[in-house]
Amino acid sequence: MAAERYNPRVAEAHWQKVWEENRTFETDNSDSREKYYVLEMFPYPSGRIHMGHVRNYAMGDVVARYKRAKGFNVLHPMGWDAFGMPAENAAMQNKVHPKEWTYQNIATMKRQLKSMGLSLDWSREFATCDVEYYHRQQMLFIDLYEKGLVTRKTSKVNWDPVDNTVLANEQVVDGRGWRSGALVEQRELTQWFFKITDFSEELLAGLDTLDQWPEKVRLMQRNWIGKSEGLQVRLALAAGTAPAGFSEVEVYTTRPDTLFGAAFVAISADHPLAKKLSEGNAALSSFIEECHQQGTSLAALETAEKKGFDTGIKVKHPFDDNWELPVYVANFVLMEYGTGAVFGCPAHDQRDLDFANKYKLKVTPVVLPKGEDAASFSIGETAYTDDGVMINSRFLDGMTPAAAFNEVASRLEKTDLVGRPQAVRKVQFRLRDWGISRQRYWGCPIPMIHCESCGVNPVPRADLPVKLPDDVEFDRPGNPLDRHATWRHVKCPKCGGDARRETDTMDTFVDSSWYYTRFTAPWENEPTDRKAADHWLPVDQYIGGIEHAILHLLYSRFFTRAMKVAGHVGVDEPFKGLFTQGMVVHETYKANGQWVSPADIRIEEIDGKRVATMLDSGAPVEIGSIEKMSKSKKNVVDPDDIIASYGADIARWFVLSDSPPERDVIWTEAGAEGAHRFVQRIWRLVAEAAPALKDVAPKAGTQGEALGVSKAAHKAVKAVGDDIEKLAFNRGVARLYELVNTLSGALQQAADGKADAEMKGALREATEMLVLMTAPMMPHLAEQCLAELGGKVAGKETLVARAPWPVFDPALVVENEIVLPVQINGKKRGDLTIARDADQASIQQAVLELDFVKAALNGGSPKKIIVVPQRIVNVVA
C-alpha cells in the first residue's frame, strides 16, 4: 500500500514541540560524561537570518547531534551579538529606539532559528545588550584595569566629522566614512585601550598549538601580530641641512643587509622632525594634512598611492660620511610603527621601488639572484625580494643576506655615535594595543568616572552596572550620552565632589571576545563560574566565517589570556578546533538594467538553454554571475520561504550536501527539488516497509542478500561517522544516498511481503542505522521515520535525538575480496578480483585464467609471476 507523502510542515512543528517539552537539548553542568562544547559564531540580530546562517548553524548542529549520540555531554548554546551601529542608524532613520529595534529582531530571528530544528540549549540564551551581560563585562573591565591590562592614552584615530565618531580602519573606504561619505580626518583622541601587546609573544607562540585550526587563519594571525627581528639604526643628519635641535634620525629596518642599496629616508607626517619643518612651510603643512586624510592602518597605507615631500634634509650613510641620502616626509610611514622613520632600498622592496621611480631616485641592486651575472643584472618594474648573494655592497660582497645582516649589525653595534652605539638589535611587533573607545550610545558603557580633583577612577563595584539611559534622542549625529542632561553627571567615588561618567562605550568586539565563557554558566553573578569555565573550555569545535580570522578570533585569544590573569578561567586558548565554512552563493539577475529577485522570475529550458523572464510581465531577464547573496544585488533567498516550501530538513540537507563545507555552495532551485525528492523517497521506502518491520528484532544477516544489506549498512555507519568527525558533511551525505540506493530493492520486497525472516531482521537493523545516520542532518524526518517503525532502537523506546549512534561490526566492514592490479612485463593490463586471504599459489593460478593474460602468453608459460601480497601482481612473459 502506498504511503502518504511526507508532510514536513506538520512533522517539523510536532517534533520541535516534543523536543522543547522534553527539554531534550538542555545541558547539565554536573553530568559526569565526557564533555563536548560546539559553538557557532553567534549572530548579529539584523532582522532576519539568511542562508549563510542556515549553513553555519546546520553544520554545528550535525556535530552537536552526532557527539550527543556518541555519548558526550554536549554544550550547544545560542545568543545574540546585539550591540552596534546598525541599531543607532535604524533609530535615526526609523525613529525607533535601538533597544526596541534589537529585541524585535531577536524575537524574529529566534523564531526562524527554532524553525530549523537546531539542537540548541535555549536555557542559556542571552544578548550582549542584556543588562545582566554587560554588567559582568563591566566587572571584567575593572578586573583587567586593576591588573594593569587597561590603559588610557592619546592615539591617532579615524574621525568621521559628519557622524562625529571614531571609525575602525575597516570602515574607511577610499578615505571616506563608509556611512556618511565624509572625508575622514586623523585626530588625536584620548582613548581606552586593552594592552593586547603585553601578550604579543604568547599570542604568536600559541598559534603553534592550534593544530585543529586552518593554516590560512593561523598565517593571517601570524602576519597581523607581525613579529620582526631587525636593527634600530641612528643616522646622523648632514650639517647645515637640519633645523636646530635635530642631529639624527633613527630608523628601524628588518633588512640592514641592503643598506648599500639605500636611496632615501622616509619619515612619518607625525615625526617630530616633520612637525618642526612644517612650521612656516605652507607646502609641507598642506602635504601633512593630506596624509592625515587617509586611514591609520597599515592596510590603508599599503593600498594608497605612495607620495612624498622632499624636506631638503640629508642624512649620512652609516658606512660612508660622504654619502648623503635625501629625507622625505612620506604618506606610507606611520609614527606608531617602529620609529616613524625608514630607509628605502628600491631594488629589493616594491613600495620603495614605486616611490623611487616616482621621484627619479637611484635604484642599486645589492642582492644578486642565483644564476644571474652581477655586471648585467638590473631591476625593472618589479623589485627582487628573494635570496641570493650580496653585490655592490663593499665589505658585504659575496655574503648571503643573512650573513650580511649579522655583519652590519655587529659593526654598527660597535660604532659610537655621540656616546651611544649607532645601532641596536630590536624585536618589533606589528600588533598594536586594542583601542576600544567608541563615541556611540548602543554599546557597553565604560565603567569609569572623571574627577578634576581625583583623576580617572573605576565605578565602585557596588554601583555596577552602569546602565544605558533609555531617554535619549537620536535627532542628530554624535553620541547621545554626551548630550544627556543627567546621566553623565555623577559624584566622585573618592572625594564625593562633582564628576562625570565616561561617555564612550566599548567596541562591540569586546562583547564577542568572552561570550563563549559566559555560556558555561550564564546565571552566575560573577562573569564566570570558574569550575564550569574550566570544565567546558576550550570550545571543542568553533564554526564561523573566515572574515573573522583576525579581529574576533585574535581578540578572543587575548581575552582568554587576560581573563586567566584575572582568575576567571584556567585556559590560554578559547577554541581548540576552528572551522571556517564557505558562503552560500546564488545567480544574479537583471531586467532593464536593474537587479531583480529570484522570487520574481521564471527560468525555463528552451532549446537546451536556460531562459529567464519576469513573472509579472514576461520581460526578458539577463542571467548573471554567481555571487555572494546580498540585498543590494537582490540574489537573496529567504530561509523562511525555503522552509515554508520544502521544510527545514531539506534546507539543511542541501547546504550540507552540495559542496565541501569549506567551499561556497551554490543555491539552486533544482538542487532543493532534488533534496525534496530524496526526502520523499526515504519516507516512502521506510513507511511502506514499516508494517513488515515494526515488530521485528534487528539482526545482521549472515548469508546471501541479507548479508549484503547488513554489510552495506555497517560500512555506511563507519564511513559516515568518520566523515562527520572530519566535518566532511558532503561525503557523509553522498554515502547516505548510496545506502538508500542499496536498500531500496530489499525494502520494497519487505513492503510487498516477499522478505524472509533473515532479510527482515537485517532490514530492521539497516533501516534503524539509516534513520540514526540521517538524524544529524535531517532530524525531523529521522524522528518521523523511527515513529513509523514503532519508536524503538534496538528494542528500546527512544527519541532519535536521545538514541546512541549505531555501532558497526568490524567483521562486516572488512572487505572479503580485494582487487589486485595485474601487470605484464611491468605494464598494467587489467585487474584480478580475489579473496583477501588467497595464498600465493591461488593468486598465480587465478592470474593464468585471465583472458588478457592468456592472450599475452599466446599459449606459452610465463617466466615467472611476482606477487606482492595485497598490492600487485606482475607477469613476466
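Placed from the backbone N, Cα and C atoms, the Cβ positions cover glycine too.
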Q. With the ranges 43-53, 109-119, 362-372, 428-438 to choose from, which does Swiss-Prot describe as motif ''HIGH' region'?
A. 43-53
(Q) If I go by Swiss-Prot, the feature motif ''KMSKS' region' sits on one of 208-212, 628-632, 638-642, 673-677. Which? (A) 628-632
Q. Going along the chain, which residues at least six beyond the ends of the motif ''HIGH' region' (43-53) come within the CB cut-off of under 8 Å?
A. 80-82, 84, 86, 102, 105-106, 108-109, 112-113, 127, 545, 583-584, 629, 636-640, 642, 655, 667
Q.
I want to check the contact list for Lys631 (ATP binding site): same chain, sequence separation of six or more, C-beta distance under 8 angstroms. What comes out?
A. none
Q) Taking a Cβ cut-off under 8 Å, which residues six or more beyond the ends of the motif ''KMSKS' region' (628-632) line up next to it in the same chain? A) 50-52, 583-586, 595, 664, 667
Q. What is the number of residues in the motif ''HIGH' region' (43-53) that are helix, strand and coil, as DSSP sees it?
A. 3 helix, 0 strand, 8 coil
Q | DSSP residue counts for the motif ''KMSKS' region' (628-632), split into helix, strand and coil | A | 0 helix, 1 strand, 4 coil
**Q.** Confidence summary (mean pLDDT) of the motif ''KMSKS' region' (628-632)
**A.** 78
